[in-house]
Every structure is written in structure tokens, then in C-alpha cells.
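Engineer: Please read through the structure below; I'll follow up with questions.
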């Protein structure tokens, strides 16, 4: 009788564990999200990697957002450190889920993180990892753009029939004429102004005026 009782308890324990793992992997309703937040909080408090991994393996954006909203604010930095540890030490090619968690952590708790004076020291390794990953990204994007431009130019020369020359919808010739006429008018005005300046700066008039002033003084 006792053996049957032990077996039934073991079955219930294994069933509850399977249900918990199923909850961590699915996370489709409010109850599941609450369970994920509780499970993640327990994992962060005890340092249980299995519990943390079971939650971080969920890539549904709504579930991630809801879980982060239910997670205590004091566990945000420990969660960031756990993700940073996985990014640096796990030999995994696809890290999109962890990066997605990072994005939602920063966007959801930006106000809280910005108030932490020790944030740079606490997340120094994470910042270094991000800088190393993105240090050459600007140069690579520039190189990619130049290569695309060169490839397009070569393609235009090799297959010109693939690129249809786009004819202008309308030609505004009157505007061009008016612009030329206006430019001519401006030139005429400039010439007139130059002539007037030359007339104003007449040495003979200045000289005659100065002679009159001098003779007037002596008379």
C-alpha cells in the first residue's frame, strides 16, 4: 500500500514538473505568464540555470513583455547578467532569442535602469560584448552599400535593357525661359549699378569740388 502511495506521489510530482516546463515553453495566457515570471524569479534568486533557460527559451514577444512586467524590478539587473553570461559562454550560433529579451528588458525598464549609478560597472561585461560585436558594423554597412552600388553599375552596363530610362512627365520650358530672362535682368541691374558707382567716383568732379572749396576759403 505504501509503495502505491509513493508511486502516486512520484507520478504527481513528475506530472507537475512536466506541466511547469510546458508552461515555461508555451506561455500563451495570463496564468502561464504569471508562472513564467515566478519561475524566472525563483531561478534568478537560487541561481538555477535550468529554470532560467526554460523561461529564456520562449521567444514570443507578448510573453516576454508580460513576463518582464510581472518580474520584480530588483531582479532586472541579475537577469541582464544571466543573459550576458549566456551570450559570452554558451557556444550557440542562434542568439536571437537572448537578444530579443535584452531589447525588451531595456525598452520596458529604461526608466529604472537610467537611475542606477552603478549600471555601467554592473553591466560592464555586457557593454564590452556589445561594443566588440558592433565596432565594425558601421564600416561593414558602408562597404555593403558601396558594393551594391558597384554591382548595380555593372549590371546596368551588361544588361541595359533591364533598366528602363524614365522619361520626364512634363517639361517646364517656360520656367526655364523666365529664369533666363530674370537672370538677364539681374545682369542689367548689376551693370547699371556699376555705372552709377563709376559716376559717383568721378575724379574730375571731386577735384573741381575741392578746388572750389579751397578758393572759397581763401577769398
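Glycine is treated like the rest: Cβ placed from N, Cα and C.
As listed in TrEMBL for this protein:
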type	residues	note
REGION	1-28	region 'Disordered'
DOMAIN	48-151	domain 'Small-subunit processome Utp12'
REGION	181-219	region 'Disordered'
COMPBIAS	181-206	compositional bias 'Acidic residues'
COMPBIAS	209-219	compositional bias 'Polar residues'
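Could you give the neighbours, burial and distances for every feature on this list?
Structural biologist: Residue counts of the domain 'Small-subunit processome Utp12' (48-151) by helix, strand and coil are 82 helix, 0 strand, 22 coil (DSSP-based).
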Engineer: Express the predicted model's confidence over the domain 'Small-subunit processome Utp12' (48-151) as a mean pLDDT, rounded to an integer.
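Structural biologist: Looking only at the domain 'Small-subunit processome Utp12' (48-151), pLDDT averages out to 88.
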